[in-house]
């Protein structure tokens, strides 16, 4: 019989599975206070099926949340299986939900990346406890889903998914099962089947069930129905029918009826619960999560791969370059047993036979097989096609002391024969039997024949263009730098070396073994790659930092999107430590995979690059400990970055699993729990602003005082400040961005709305882009300003940009004079006539030896900064004289100076100028001044055009000018290249090489940033599936959706690029001024407008490409796709 029950009177009450004692729950305060539960006392006996029924807003769902420990009552107590849950800690409450409570949800809340069986096993997984697979299959058989256990939720119907949820709730034999509108998402047939199952669970299994429903027909399946209205129990109906429930619900006002008692039918408590750990299981869940949606972690994987590749490549570069340098250094010494070395003595002070004398004094000739004096000299080599500097080395006559072989030809046997490599032969345009002219620094020329081509595949790293090997007789009576000794018996090396050391002491020289000399030389050469290694390491770390920003942003977004999944895990008993393990396990798996792939790319790519550069002749080499350390650093950085986002995941409250709106999360990544919003934006922005201001101040101090360490500290502080403050600042500025984008039509308004809704995420993406752009801008501005400063300093010290001249003042060849005008990177060429000065006041080393007669028009070009009056002063021609010479002989500006040329005394007025040092000390007058001299007609025939001056065009690449002048010099072996390019060429070549390397590595940083941008857009599309499908359903065209995604990408990139340029350009200027500003008075600021003009469209195009795939995915969303459950 059914009816409305009263009190139990003297009836015996069975033990309660759940008990609520005067439970109240209010929200808000004051006038805004809302009472959800107004003071309910109720007992839910073990083994009974109780339905809580009520209209919307009655408080029934809030009561369920309080009974299940998902929410905290404002007052009152809830007791579950004898435990007062108000006294439990968060972990203890999680354990209680896991061990004593089962949940069935309206929306199923199954993890989509787990199979049905894995979802059912989840309570056991959380406690790392083995389970009875047959028992689970038995439950599945009872529920009719045994044949669906290997299917994932999306592969099942709604009814089947809800049965999986029921099986999960029953698997752990909980004390009570709470069901929240379990039939809400099911059709009539599936609803009836589910209610029969719940009824059977209570009747046959003795399971305690508490179900919230608004459906009177569903309540009729229960043993008891509590009708809730206005936060109170309006009725307690035993054995309800649908009519009973409807009658109570239709009453205008129901009186409070105390809860009815009942008879317990069983005990559903745990019999053998064990202390849970659960962390080991999170790796399995994380792996399933990755396998389900690998594309969501693509940005993280890409960032890790690129970072690991750069770090691994740096290690390979360092190891391989060091091995190559060691090979270069060791190769000539490998056949040598002992070396008689000058040690600290000056070779020039030793007599030519010094080494042979030591050998004789030691009386070891009987143990010596062969000796070879070692010579080296630097010359200028002229071939058929090119000229360049070359080192000439002696090659031993005895084969046992030769360290290379021949590919063709013969060994040199006289002073006029040489051996060169195939590479050198190709560049000089000669072959065996060809002629090469070698010119010494004193102008002496030596024509030699190529007798052979050696098998050397590298040239020693000495800063010259070529390496040439000659017979010792080539060096004439020069003093050898060392003597190489080959012994008959290698076992005598130590004893012979000791005797040589003793004999050498008297002359202040020494002797060492070949092995020891190789070790010393390799140690010295190892430092040669340090600068490049440091630069690569710095940019690799920069890329890693940028990757960490992308990883952090990605994980924040993923956590926001997985809010409901995480809340569900918390709901069924996962501790915060379990959630932390889940996130970190996923990061660890991704980091290991990405690092492994990146290591392969970095190691292979690094060695391939060294091979292409021709610097891998020492073979592959990499310090295994250093390589392992850098890869572990990548893994640690990835996991630690993910760890910074864990706080957001662990603060997701379990109750959000019951809130459908929670699924998509919040683009701002603020998590609300226990009535509090966790958002560290304000203190983060404040601290970041302080760091940025301090950084700017330190940069100013460093630049003004030329203190690079101070400027570097300022740059680091500024970078830290921007990373901390920029995301929050961008979020604050979103209303302005919104207004700006709103003028772009519907697509612009949609993009603005999306960016505003996800303001902090957008700020993080902008920060990553700005980080990479600012570094490129800083490097570009530093390079442009550094190059301009170097050129200005060289122009000041060497007014002549380039010069071709003959050291002996002999005339230049007609070919050079004819082709001089073909130097396109020079404003013009100026032939200079010269004559030797016979006599002039002695100024020691500052005494000029040449009188240069320059064209009148050259005076305005080369001496414009000297305010030179190129004419007569009181009847005396004015000449340019070096200021050091004037100081040495005691004359000052405007004094007369008499010198003798062509046997004729010439008197001029001295005007100080640095021009007289280009390219060698001289006295300079113009053609017009020469004509004014009394004996000009006698001097004119003696003048020879032995020099040509070139003035570089403004902002021209000096390296190009140097190449053109060097090619011209090939036409005359007598010609020597001088002027500013002689010094600037090496400096600018090194600078350009470092810049190219830096740009290449920074490009990887920008790629990482844009990968993060693409990933954010892709995740945003996934997150906004419902929104996009609704827009499509309302008639929005695909073109609008596509344009919206592109506008978002371009907006983020434009803002990031603007911020990057705004920060990077002055940062580069400050850095270069701190570094070189104190070295010259010619500091010249120059912004890299050309590079900026190229950078901006390239970055925007890259952003457009980054938006391509997300835009494609967005337009593929069908109008009905996101509108279905």
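Each Cβ is built from the backbone N, Cα and C atoms, and glycine gets one as well.
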I'm validating the feature mapping. Which of 993-1014, 1015-1036 is tagged transmembrane segment in TrEMBL?
993-1014
Where TrEMBL places transmembrane segment among the ranges 509-530, 663-684, 685-706, 795-816:
685-706
Transmembrane segment per TrEMBL: which of the ranges 463-485, 486-508, 762-784, 831-853 is that?
762-784
Tell me which of 579-605, 876-902, 903-929, 930-956 corresponds to the transmembrane segment entry in TrEMBL.
579-605
Using Cβ atoms only, state whether the transmembrane segment (1045-1069) and the transmembrane segment (712-741) have three or more pairs under 8 Å that are 6 or more apart in sequence.
yes
Tell me, what is the mean pLDDT of the domain 'ABC transporter' (18-255)?
83
Highest-contact recorded stretch vs the transmembrane segment (712-741), from 625-646, 685-706, 762-784, CB pairs under 8 Å
685-706
